[in-house]
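Novice: Attaching a single structure in structure tokens format; questions to follow.
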Amino acid sequence: QFYSELYVCRARVWIPDAEEVWKSAELTKDFKNGDPSLQLMLEDGTSIEHKLDPKTKNLPYLRNPDILVGENDLTALSYLHEPAVLHNLKVRFIDSKLIYTYCGIVLVAINPYETLGIYGTDIINAYSGQNMGDMDPHIFAVAEEAYKQMARDERNQSIIVSGESGAGKTVSAKYAMRYFATVSGSTSEANVEQKVLASNPIMEAIGNAKTTRNDNSSRFGKYIEIGFDTRYRIIGANMRTYLLEKSRVVFQADEERNYHIFYQLCASSHLPEFNSLKLSNANDFLYTRQGRSPVIHGVDDTKELSTTRNAFTLLGINESYQMGLFQVLAAILHLGNVEIKDKDSDSSLIPPNNRHLTAFCELVGVTYQDMSQWLCHRKLKTATETYIKTLPRLQATNARDALAKHIYAKLFNWIVEHVNKALITNIKQHSFIGVLDIYGFETFEINSFEQFCINYANEKLQQQFNMHVFKLEQEEYMKEQIPWTLIDFYDNQPCINLIEAKMGILDLLDEECKMPKGSDDSWAQKLYNTHLKTCSLFEKPRMSNRAFIIQHFADKVEYQCEGFLEKNKDTVNEDQINVLKASKFDLLVELFQDEEKATSPTGQVPGTGGRTRLSIKPDKGRDKSSKEHKKTVGCQFRNSLQMLMDTLNATTPHYVRCIKPNDYKLAFSFDPKRAVQQLRACGVLETIRISAAGFPSRWTYQEFFSRYRVLMKQKDVLSDKKLTCRNVLEKLVQDQDKYQFGKTKIFFRAGQVAYLEKLRADKLRVACIRIQKTIRCWLARKRYLRKRSAAITIQRFTRGYQARCLAKFMRRTQAATIIQKYQRMYMERKRYRQKQAAALVMQTILRAYMARQKYQELLREHNAVIIQKRVRGWLARRWYKRCLVSLVYLQCCFRRMKARRELKKLKIEARSVEHFKKLNKGMENKIMQLQRRIDEQSKDNRSINEKLVSLETSSTAERERMRGELNRLRGVEEDAKNKGNQVTSLLEQLEKLKKELSSTQKEKKTIEDWAQTYRDEMEKVRRDPHPYLSKMARAIVEKTQQLETDLNEERSRYQNLLTEHLRLEEKYDDLKEAMNVSKPGHRRTDSTHSSNESEYTYNSEYAELEEVPIWTKDVTRGMDTSLTLKLQKRLTELEQEKQSLRNELENREDQFQRARARARGAELEYESLKRQELESENKKLKHDLAEIRRSLLGNAATGAGAPGSPAYKVVLEQLNASCEELEVRKEEVLILRSQLVSQKEAMHHKETMTEPSAYVEDVSKLKDAGELKQAYIGLKDTNRSAAPDFHKLNEDGELWLVNQGLKETIRLLEHQLQTQRRGYDSEVESLRGELQNVKEENNRQQQLLAQNLQLPPEARIEASLQHEITRLTNENLDLMEQLEKQDRTIRKLKKQLKVYSKRIGEMGAGQTEGQTSPGQMVDEPIHPVNIPRREKDFQGMLEYKKEDELKLVKNLILELKPRGVAVNLIPGLPAYILFMCLRHADYVNDDQKVRTLLTSTINSIKKILKKRGDDFETVSFWLSNTCRFLHCLKQYSGDEAFMRHNTQRQNEHTLSNFDLAEYRQVISDLAIQIYQQLIKCMENILQPMIVSGMLEHETIQGVSGVKPTGLRKRTSSIADEGTYTLDSILRQLSAFHSTMCQHGTDPELIKQVVKQQFYIIGAVTLNNLLLRKDMCSWSKGMQIRYNVSQLEEWLRDKGLMICGAKETLEPLIQAAQLLQVKKKTDEDAEAICSMCLALTTAQIVKVLNLYTPVNEFEERVSVAFIRTIQTRLRDRCESPQLLMDTKMIYPVTFPFNPSSLALETIQIPSSLNLAFLTRV
């Protein structure tokens, strides 16, 4: 009962209603004490009179203020009662589309019957790490709270999900498990979290079914324990199931289905692997057609089966086991179709050859005869014998159904057991979170044993829930030191005692089951006799003697006794079980291997199964054991329920209550009646009642002060906020029982917050009235002054207008007179000019006519003269041509006559004898010539015959070859025939091509038309180019933006791949460390192994980089979980193989080192001899050079040393020989130096054996290889003679020396042999080349000769001359080239001679200093002193020894402290030092050194970042140095593109031998990884500050008031000590910026980092805004915009406004503007759509739905306005994702930034401990 003074006019109340449960009304008249009724007006305008109960005088419930409606927590409501709770849930569900609401510690979840996009990974990441009250209610918030309490309190947790069938329990439990799997991850390679999620489709397939209330109703309870290790990562899970509804296997009500798995199998019966199951449509089987609803709308059973099979595979159940399971399930369906007919009244039979029974027997592997026998018979036992009795048809049918249920129950338990096996790991479990998905309270028209057990379980859970809520309330009061008064709450222990106590319902049921003739009726009578009079919660129905009623906590339920005993016994025929146990089907035998021997509690003993004798003596021992072990279903359920309660009591519970909004599965439809029923049943209203009985509203002192500061006067405000609140509250509320002061909070009774809100609203209303009065006065005076000023202005303008009109009239009169004058003058002048023009035209025409006539006459005369001239010339030419032809004809006739005379004379002379003799004489000469030619020809014939003989032999071989060729040609001919057959196809193709040609011609015509159109357009453009140019500019800009977007996407994709690669690499390192920990023992880490490993690391990284594009395509596809497991298994195998290969490599290295140490001992003596020989040769060369120098000095005056003189030639030859010898000796010295470095190792090996010191001294005296061989032969003879006594012989190590000498000799001989072989091969190759050239020349000569023979003699001579000229020309060119080469060689030698002349002078000066003894050379083998060098300038290189590489990396990378380097030294100093060392390795052309240095550098940077990756300073330091090192590699690479800004000195420092472009790519990838790690480190630092600083902290104090909150308290928005503010964020940003600037980070890179920082700030702030209803208000929008302006000011101060950071805040800015703009009309909607371009439609709608007024003067956004926004934004093409991706990292680029610092000027400070580096 609330204050009566609150029931005033316009107060709103709730009144009961039959349809809507509660209806809102408003008082039209103040209520006074004693009034019998209230005058009310409903929301539809109807006026009613509400009469009060005359006995209780209870007033109706008051409504909460509008600002409290839609609260996240029901306990935040000031008035806590049923209508307030119902209305708040309805407003959130219908208007705001919010399905989750807190009710104290309970999460109320309403099933939306629609798929919502609030369960993605982005939502999970948003809730991860947040406190439960910080975000809007969500199942993820409950899961996060459980996960956080498990880690913080070291206590196991439980999430209890309950509700009616169809309320969404299973989905809620599934999402909770998905949350744990996502945020925790697993520690093993088996991906346990994936397996936990994969168990869901399996359990849904075998345990869920369609009911009238739910398409996917769980017909069993389950409790899943998700295990975690000490790092709180998932390591396994375990599932417990409760009370499977077995009766559904054999019977389904209308509109219901059997379990999903049966319909999945029937839908997939067409698959080939299921042919053996003999399945068909679901309507063909009795067990699947009884519900007459075999299909669920929107569900594809075939796809569901595929999902189930994949889940089986992921959990390790292979294909054979899966087919076995499907075989058993198909057998159950066939068993249901076995038709049993009446034989007589007491017996039944199965017709022979029943196809379904045959299929059943084949599937389960039993005999048809046994199964048909025991389906219609059973055994009866007496004291002495056992008999077989026939069964009536009804009993036989029940026995068949019982067998089907039993088989399915066994199969269900087997699957659960194997799922648990797959989820269990060997890692020790540290803690667990249990998820209980159990049936809610159920009441139907007919309630049986299943409903009784379900409601019994809910009674136990409700009791535990009440106790927990009561305990939390008590703890809160005690914590705040509030006086504790006992709160009366409903205790359902009497109802639980009625069910489970001694002589309770379950106890009596078990007792009746043990009776031989027990029945449901006798059990009902026992219940009536026992409890009807003693227990008020037990009732008997009036019209039934076979039912009873129990008053549960939620409602009364009537249970029908029929079937209780049978279901409690769970009886099955033992003979049928024995038949199945004898099956040949292994899986079926495995299902029944733990089957208990007895089938009923009566102790009946079964037979052995199959066909047996009629009389069998029972086994008393088995009878006793069966009595002991067989438990009823009720007893088993009670025990398992007690275990569950013990588990829950040992954990911290979290409650999720699922509500079903309507019975018709309509999306977002709310039925108040059904909702109230469930709220009463699930304990939500009980929680409200317990809270309302005490002090439900709780405020911190700071929040109370901030909210109700307006009710205080200035003198009431003290420095102590607690005392201030106490004083003010005592004045405002007179009754001190209505509130209590705690340590940190003020506790209020129900309704007090509403009363305070009323006072606050009244105070604000008075203030508003005063402000309005003043404003209206000011506006009225302003309006009067404006009118007065306007009147004066109007008068002034009117008078001026009249004066202007008079002046205008006078001006017009004067102007008219002037116009008339000029008009008349104009007309007269016009008339005169017309007449004058006409006269001139007539004169012109006449004169022109006369001139034309005269011109025509002159033209005719001229043309006549020309015609006469041409005709006369033509006549003269014709006469001349005729004369000429006649003369030529006469000459021809004369000459013909003379020729005929001469011919006649010659014919006469030919007939004379003399002429014949002359001719004969010529013939004799010709005959003699022919005879000589015949002789020559005969000689040629003989030679040709000889050639023919040889040709015949070759022709036979040629014929054989031709035969082979002929065969090949025949094959070719056959191919040609085959190809001929393709002519038709080619013709067809030709036709096609013709058609294509015609189409191409058409296309050509089209293109020509288009070209013409294009020409026209271009002509238009040429005329007016401005629109086209603007269009082209826009297109270019759009294309550029698109290309930039694609480039950024590609960059982002590549860098994401690098991130994934880094993550996998870290995971691999962790696994490797775990393997090292699990396998103790010493491991080799020598330098060789480490270098090999580092090389392998680099190569593997680069190989992976090359494979990135292919892997990117595969990543876009969804990877199958089974494939993932296979790949992981393969990865494990490869790791093991890699380890074994690594061990083998280490063993080989050990063997190689030992062999190498033995070999070096023998090589050492030979090397010393060789070195002494080289020293002597060196002395000889020095002596020769000294003589040459003296001779040159002596002959200098006489000019004997001039070029070309004999002395000069001798010197030149000697110098050339000396140079060649010197080069050879240099190479040998370098080889000896490298070998002498390892001399100590060899000496160590020699000392371990024997020390042949005397022999070494003797060997060192040997001068050359010949003496060494003689010594070896002598040793061999000595060894041969002293063979018998090996120990005596080997006293001084002779045997070892002999062995080594022998090996050395063999090595020398092999080397000589190889040298000779190479020389021989080169000679053979040269000879072959010369032979080939000769052959080619010979062939060419023969061809030329053949061609010449065919030519005439003159042409033959000419051709031979031409050929000779060509040959001589080629030879001349070759000689000229050789001459040029010799000239170049001479010039080069002259230059060398000058250089050597200088060196000879230097060597002569230092000859005495350079001579050293051999002993000195032995002592100092690495530093020769015989040739002194001049000191060079520093070249910007640093030299280090190979063994100092680890020290260099350690001092410069691993142990370097960034703070000292950044403050005291130049930025990027480590990068410069490393590059200078790299330059020296490049300078000496040592590729191994370059590779190891770069690899060690990369690996060391990775190592230090892995070790201190959470330190921003370290990561920033190495990002800067890595980029500087990369820039150095580019700047000094020799590439002209990178050398433009270099100085001349810097260009001299370029790398000369190696192209490190590949390593540049690797270092660039490393820089990308460091950048991403920097962003993550920065994000970890900023993340805790963002929400507090940007949203919760009031930067502008007093703008927003704190709203009342519920039990789920969140951080105060007022800044306390320890909370973050906007200044904290700005200080942290400045720290980041200054650190990067100190480290010398590139400015462009700093801009990219700042852009990423601002994106994270904007994304996190917006995401929290979208998930927090309390933050969506007008005042909060103002706070956000102010905070953003401060961030922009920071950018402006740092000069970073153009880096793109401001644009990343655009979504947040638009969201803040959206909170502040008007949201009423269509114009407002249009403005919002045009303003919020950076927000998605989902984000805009979400903000509008969450918009909550903080004060009563604000209004909520109407649903119609939100629908208008959605309609206008419907055409937007955008992602439906609600939250921004906070993990998104912009693709980074590293623009080239060359350094102006000269390398030779860099000094290495001593603090770096790099004294071993030498400046070069």
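Cβ atoms are placed via backbone N, Cα and C, with glycine included.
Per TrEMBL, ATP binding site is recorded for Gly163, Glu164, Ser165, Gly166, Ala167, Gly168, Lys169, Thr170. According to TrEMBL, the coiled coil annotation covers 913-1010, 1040-1074, 1124-1232, 1317-1399. According to TrEMBL, the feature compositional bias 'Basic and acidic residues' maps to 616-626. Residues or ranges marked as domain 'Myosin N-terminal SH3-like' in TrEMBL: 8-60. If you look up TrEMBL, you'll see 69-761 marked as domain 'Myosin motor'. What TrEMBL records for 1495-1771 is domain 'Dilute'. TrEMBL lists 641-663 with the feature region 'Actin-binding'.
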Novice: Can you tell which of Ser165, Thr170 has the least company, meaning the fewest other C-beta atoms within 10 angstroms of its C-beta, among these binding-site residues?
Specialist: Ser165
Novice: Residues with Cβ closer than 8 Å to the Cβ of Gly168 (ATP binding site), same chain and 6+ apart in sequence?
Specialist: Ala109, Asn111, Cys658, Lys660
Novice: Select one residue from Gly163, Gly166: among these binding-site residues, choose the one with the most other Cβ atoms within 10 Å of its Cβ.
Specialist: Gly163
Novice: For Glu164 (ATP binding site), which residues of its chain lie six or more apart in sequence with Cβ-Cβ distance below 8 Å?
Specialist: Arg213, Gly440, Phe441, Glu442, Cys658, Lys660, Gln678, Ala681
Novice: Over the coiled coil (913-1010), work out the mean pLDDT and round it to an integer.
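Specialist: Mean pLDDT, the coiled coil (913-1010): 79.
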Novice: Identify, in sequence order, the residues in the chain of Lys169 (ATP binding site) that are 6 or more apart from it along the sequence and have a CB within less than 8 Å of its CB; answer 'none' if there are none.
Specialist: Val161, Ser162, Gly163, Ser218, Asp437, Ile438, Tyr439, Gly440, Cys658
Novice: I'd like the number of other C-beta atoms within 10 A of the C-beta of Ala167 (ATP binding site), please.
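Specialist: I get 25 for this one.
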Novice: Setting Gly163, Glu164, Ser165, Gly166, Ala167, Gly168, Lys169, Thr170 aside, what same-chain residues sit with their Cβ within 8 Å of the center of the Cβ atoms that define the ATP site, listed in sequence order?
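Specialist: Residues close to the ATP site, other than Gly163, Glu164, Ser165, Gly166, Ala167, Gly168, Lys169, Thr170: Asn111, Asn214, Ser217, Gly440, Cys658, Lys660.
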Novice: By DSSP, what is the split of the domain 'Myosin N-terminal SH3-like' (8-60) into helix, strand and coil residues?
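Specialist: Computed counts for the domain 'Myosin N-terminal SH3-like' (8-60) are 0 helix, 24 strand, 29 coil.
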